[in-house]
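Asks: Can you read through this structure? Questions will come right after.
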Amino acid sequence: MSFFLTTPTAIDLGVNIDHVATLRNVRGTTYPDPIRAALAAEEAGADAITLHLREDRRHIVDADVRKLRPLLKTRMNLECAVTTEMLDIACEVRPHDACLVPEKREELTTEGGLDVAGHFEAVRAACKQLADVGVRVSLFIDPDETQIRAAHEAGAPVIELHTGRYAEAHDEAEQQREYERIVAGVQAGAQLGLKVNAGHGLHYTNVQQIAAIDGIVELNIGHAIVAHAIFAGWDNAVREMKAIMVAARVAALHGGAR
């Protein structure tokens, strides 16, 4: 729920500010300022601010994280890899949420979910390290029952289901299969008592079906909002995404969704 709203919304929006920083860094300037973008997003209805501190610092940098943390009125959702350096930074900054993600230096963006089952002990240790300093842990995983169960066993109270394959599907049949995987993943997570979020690759014309899924608490969206802001303005881009999500969820609750 946004700090600026007086009643809970049907579904929360976490606005990812990474690509505001990308635009800044590509020319080595001090603008556009991701801190300003984050605070404006809160005022426009964002329920959380998401940012990914990558090991290569290709967009968000350490100073962004440290400067933003005390300024937020909603929540900071800090995405980071399961490495000693990143976990130590997260424990120092103490965001409200830390979402552990896989990371490859050569990738353009995160390409898949964290393999919790395959790196179970490392992930479990990371969950404990963060929880011990009061940080709520989320694991960014594929909508796969094995990974969801491993996330629960590792001690994570939150999962974020990777929607990239749904978003990048080549045809309707493939997209429907991925949608059904996400629905099953949401149900599996809910049965284990996990808070279920979702994100990756969602934009203004594909988010509706995902936002309509009962049980998804929050969607994290960034690139599409930054891109739309070029034409609509930042505040409008955030408000429009939030409105689309809420409308889809309300319609689903009243029997209007597929």
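Residue positions begin at 1 at the first shown residue.
Cβ atoms are placed via backbone N, Cα and C, with glycine included.
Dumping what Swiss-Prot says about this protein:
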type	residues	note
BINDING	Asn16, Arg27, Gly201, Gly222, His223	3-amino-2-oxopropyl phosphate binding site
BINDING	Asp18, His19, Arg54, His59, Thr109	1-deoxy-D-xylulose 5-phosphate binding site
ACT_SITE	His52	active site, proton acceptor
ACT_SITE	Glu79	active site, proton acceptor
SITE	Glu160	site 'Transition state stabilizer'
ACT_SITE	His200	active site, proton donor
Asks: Checking the contact step here: among the recorded positions Asn16, Arg27, Glu160, Gly201, Gly222, which have a Cα within 10 Å of the Cα of His59 (1-deoxy-D-xylulose 5-phosphate binding site)?
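Replies: Within 10 Å of His59 (1-deoxy-D-xylulose 5-phosphate binding site): none of them.
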Asks: To the nearest Å, how far is the Cα of His52 (active site, proton acceptor) from the Cα of Glu79 (active site, proton acceptor)?
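Replies: One finds 4 Å between the Cα atoms of these residues.
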Asks: Based on Cα coordinates, which of the following recorded positions are within 10 Å of Gly222 (3-amino-2-oxopropyl phosphate binding site): Arg54, Glu79, Glu160, His200?
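Replies: Matched recorded positions: His200, sequence order.
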Asks: Want to know which recorded positions, from Arg27, Glu160, His200, Gly201, His223, are within 10 Å of Asp18 (1-deoxy-D-xylulose 5-phosphate binding site) at Cα; which are they?
Replies: His223
Asks: Around Glu160 (site 'Transition state stabilizer'), how many other CB atoms lie within 10 A of its CB?
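Replies: Looking across every protein chain shown, the total is 33.
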Asks: Using C-alpha positions only, work out which of the recorded positions Asn16, Glu79, Glu160, His223 is nearest to Arg54 (1-deoxy-D-xylulose 5-phosphate binding site).
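Replies: Among Asn16, Glu79, Glu160, His223, Glu79.
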Asks: Could you tell me which of these recorded positions, Arg27, His200, has the fewest other Cβ atoms within 10 Å of its Cβ?
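Replies: Ranked by other Cβ atoms within 10 Å, the recorded positions Arg27, His200 bottom out at Arg27.
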Asks: Measuring Cα to Cα, how many angstrom lie between Arg27 (3-amino-2-oxopropyl phosphate binding site) and the residue listed as 'active site, proton donor'?
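Replies: Rounded to a whole number, the Cα-Cα distance is 26 Å.
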Asks: Rounding to the nearest whole angstrom, report the longest C-alpha distance spanning Asn16, Arg27, Gly201, Gly222, His223, listed for 3-amino-2-oxopropyl phosphate.
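Replies: This binding site's residues have a maximal Cα-Cα distance of 25 Å.
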Asks: In whole Å, how far is His223 (3-amino-2-oxopropyl phosphate binding site) from the residue listed as 'active site, proton donor' when you measure between their Cα atoms?
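Replies: With distance taken Cα to Cα, His223 (3-amino-2-oxopropyl phosphate binding site) is 9 Å from the residue listed as 'active site, proton donor'.
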Asks: By the count of other Cβ atoms within 10 Å, pick out the sparsest of the recorded positions Asp18, Glu79.
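Replies: It is Asp18 that, of the recorded positions Asp18, Glu79, has the fewest other Cβ atoms within 10 Å.
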